[in-house]
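In TrEMBL this protein carries:
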type	residues	note
BINDING	9, 10, 17, 88, 89, 90, 98, 123, 124, 125, 126, 127, 128, 129	ATP binding site
BINDING	9, 41, 73, 87	substrate binding site
DOMAIN	5-132	domain 'Cytidyltransferase-like'
SITE	17	site 'Transition state stabilizer'
Ligand code: ADP
């Protein structure tokens, strides 16, 4: 059983993340989307909200599970008996951070492999931050995130203003 984890904040999930989830799910028996419980980062969506959004958007993918985790990714991987971590790479700017993370995780848990998937060209500019930034100025975010979560993002941003 090859079990992989795709960890991230997913605040909110974008078409770039969903593209990686679909492609990665074809490479393993089970893919766990690991939603980082990062309350100190002051996320737009709570962890349970992010988990439930991703569950809904991936319900057609049979081997994809969505779970949240706290603390170290290596501990979560050990607990889940996962052998592979999937990360997305958009540009060289991602590389420095990612290689450092992957190598530190390897030191901590040598059996764990990190696989990098290159973003699909049409999403290489896309990040959760870009989606939130455009939404906060009333921009059209339909190219960035699935239509069903646009009203949720708008409502959250409105709440933040008040
Ligand atoms: P983190 O806070 O861990 O960077 P993110 O939710 O921003 O979490 O991203 C999770 C993973 O998805 C990271 O590996 C990131 O590089 C990747 N990713 C984000 N946006 C895209 C995209 N547009 N295309 C491909 N991979 C992406």
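Just so it is clear, glycine is given a Cβ too, placed from its N, Cα and C backbone atoms.
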Three-state composition of the domain 'Cytidyltransferase-like' (5-132), taking helix and strand from DSSP: 58 helix, 29 strand, 41 coil
Closest of 89, 98, 124, 126, 128 to residue 73 (substrate binding site), Cα positions, binding-site residues only: 98
Long-range Cβ environment of residue 87 (substrate binding site), under 8 Å and at least 6 residues apart: 6, 7, 98, 101, 102, 114, 115, 116, 117
Euclidean distance between Cα atoms of residue 41 (substrate binding site) and residue 124 (ATP binding site), Å: 24
Neighbourhood of ligand 1 - binding-site residues from 9, 41, 73 with Cβ under 6 Å: 9
Cα separation, residue 41 (substrate binding site) to residue 126 (ATP binding site) (Å, whole number): 20
Between residue 89 (ATP binding site) and residue 41 (substrate binding site), the C-alpha gap once rounded to whole angstrom: 22
Largest inter-residue Cα distance among 9, 41, 73, 87 [record-listed substrate binders, Å]: 20
Per-residue pLDDT averaged over the domain 'Cytidyltransferase-like' (5-132), given as an integer: 95
Chain-internal residues near residue 17 (ATP binding site), provided their CB is under 8 angstroms and they sit 6+ positions away: 8, 10, 88
Rounded distance in angstrom between the Cα atoms of residue 128 (ATP binding site) and residue 41 (substrate binding site): 13
Among 9, 124, 128, the one of these binding-site residues whose Cβ has the fewest neighbouring Cβ atoms within 10 Å: 124
